[in-house]
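*Asks:* I'd like to ask some things about the structure below.
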Amino acid sequence: MHIHDWPTNERPREKLLARGATALSDAELLAIFVGSGLRGQDAVQTARDLLHRHGPLRPLLDRPAKALERLPGLGPASACKLAAALELAHRHLMSALERGEALSDPPSVGRYFSQRLRARAYEVFAVLFLDNRHRAIAFEELFTGTIDGADIHPREVVRRALLHNAAAVIVGHNHPSGNPEPSEADRAVTKRLLDSLELVDIRLLDHFVIGDGRPVSLAERGWLE
């Protein structure tokens with residue numbers, strides 16, 4: 001059955017317009033770029049097959065446009081649209097930092113860290129420095145390591161924060177394994193950072209752990225109290 005034969009409220013485009021993009025599954029979102037699908041399949045089934053054979057979503061979409069266009073069901077036009085959409089999303093997240101806007105939306109900050117760190121093959125620990133109105137001052141990657149971890153030095157975070165005259169910081173690091181669940185070591189280093197920054201009256205607002213899917217916020221877990 002072609003998508004045009006589906007009930008209107010189940011078609012990906014109509015569903016997105018009526019209920020927003022978050023209401024769609026990964027396959028439904030991808031189907032919007034796929035278009036008509038392969039012969040004998042609707043676009044959603046083609047998208048499901050792409051995710052099954054070449055997914056999950058992150059490594060699939062991390063491919064350059066030239067690699068995407070070779071996948072069954074995409075082709076040059078769909079690959080270019082996907083690459084352009086991803087780049088627009090990245091620039092949108094960057095724009096708030098470049099304009100020095102107040103960062104009051106934690107999910108957006110988490111997505112920004114994810115854009116910067118998720119594709120790394122080794123662990124990277126980064127810090128976003130903020131002024132007293134929670135406007136971005138700078139973003140720095142302070143520590144790098146191996147696939148198993150990076151050594152974090154709270155004193156260096158404090159030194160850089162003082163250098164930027166920051167009133168608050170948000171930190172984040174990636175898990176190359178793809179599992180974003182914070183480890184005991186992650187919680188321990190967060191406590192050390194809290195204690196060190198508190199000595200110089202700088203707030204640690206959040207610590208994001210980046211892996212596959214949604215970034216994990218330690219503040220949301222109540223682990224920064």
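Cβ from N, Cα, C; glycine included.
As listed in Swiss-Prot for this protein:
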BINDING   H173, H175, D186  Zn(2+) binding site
DOMAIN    102-224  domain 'MPN'
MOTIF     173-186  motif 'JAMM motif'
*Asks:* Who are the chain neighbours of the motif 'JAMM motif' (173-186) in space, where the CB to CB distance is under 8 Å and they lie at least 6 residues beyond its ends?
*Replies:* 58, 117-118, 120-126, 147, 149-150, 152, 207-216, 218, 221, 223
*Asks:* Counting Cβ atoms within 10 Å of each candidate's own Cβ, which of the binding-site residues H173, H175 comes out highest?
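*Replies:* Checking each of H173, H175, the winner is H173.
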*Asks:* Any idea what the model's mean pLDDT is for the motif 'JAMM motif' (173-186)?
*Replies:* 92
*Asks:* Can you check what DSSP calls H173 (Zn(2+) binding site), collapsed to helix, strand or coil?
*Replies:* strand
*Asks:* Under 8 Å between C-beta atoms and at least six apart in sequence, can you list the same-chain neighbours of D186 (Zn(2+) binding site), or say none if there are none?
*Replies:* H173, H207, V209, L218
